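Notes follow the structure.
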């Protein structure tokens, strides 16, 4: 099972939903980088369970412990180890699921592959695994902000069939976090919240779409063929729990356009390193390499698989059974997935920034 990600800026996560704790080891972070621990905690608080009545009622404070790699607010260049201890585990909630495969959950495929799985909370398939990613991503966000003034903003674009209309030029973190669903469109955010609450009362769930905008992206990130920037972003984001789709730039809607309509024309510039385009259908990446425009992406999340409705399934012996989940689960993962998307995008960009400097840094004037 692969639990590591990245080439130079490399993370390895560990832990399980109902084990002693979860965490991450971040290797390859440059030395003497200023790190604000409060900003790491802020990102974890945005991901934390029990933060509102549209998330899981599991009550965890998710306080970060820095075990190594940072001293007096500066990185040492050595591995950064971070840990969050689990405090509100209830493995007993899953006694009836130990040998039963939840529909559309990883229980069945884990059992098919390994012949054994951590029944309580889904083990490594739990969203609690993302704590390590979010902590490491918070370090990556500070690296990108300090070195390039790069800003990563993600928000809930759609919940179920309720879509939003957001002015990307005016989007800000304060607007995103102004409500519990993390949709900056005030007109529809209340409707989204009501929909999630209604489905929660029914013992059901829903999915949706998160949109991500990255500003002040350095040009030249990414490499041709197998290490294209959008390919690595897709892999990173599709590795998050419950993701089912990835789109960059015009995405699938671009297939309805002609080349003359879709092409992003370049604008004359005295500085070729600051080349700009009249449109951004490419989503900030061309030929697998960032062009300096904003990176724009959308990520689709399926409805939460574990629900409170009775469902037909089979057990480990292949016998048909009826099951009804008793654990604490999100009726919709999207409000808490926003910082997860931020984190994975930050990790990819930080890794490619270091890779680009390693390959091309010495050759630049």
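Cβ coordinates are placed from backbone N, Cα and C, and glycine is handled just like the others.
Feature annotations, reproduced from Swiss-Prot:
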{"type": "BINDING", "residues": "47", "note": "NADP(+) binding site"}
{"type": "BINDING", "residues": "124, 125, 126, 287, 302, 303, 304, 305, 306, 328", "note": "FMN binding site"}
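What Swiss-Prot annotates, mapped onto the structure for a quick look.
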{"residue": "47", "record": "NADP(+) binding site", "contacts (Cβ under 8 Å, 6+ apart)": "62, 130, 131, 134, 336, 339, 340"}
{"residue": "126", "record": "FMN binding site", "contacts (Cβ under 8 Å, 6+ apart)": "16, 17, 241"}
{"residue": "302", "record": "FMN binding site", "contacts (Cβ under 8 Å, 6+ apart)": "104, 207, 242, 243, 244"}
{"residue": "304", "record": "FMN binding site", "contacts (Cβ under 8 Å, 6+ apart)": "205, 206, 207, 242, 329, 330, 331, 332, 333"}
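In this entry, 124, 125, 126, 287, 302, 303, 304, 305, 306, 328 make up the residues listed for FMN, with the farthest two CA atoms of the set 44 Å from each other.
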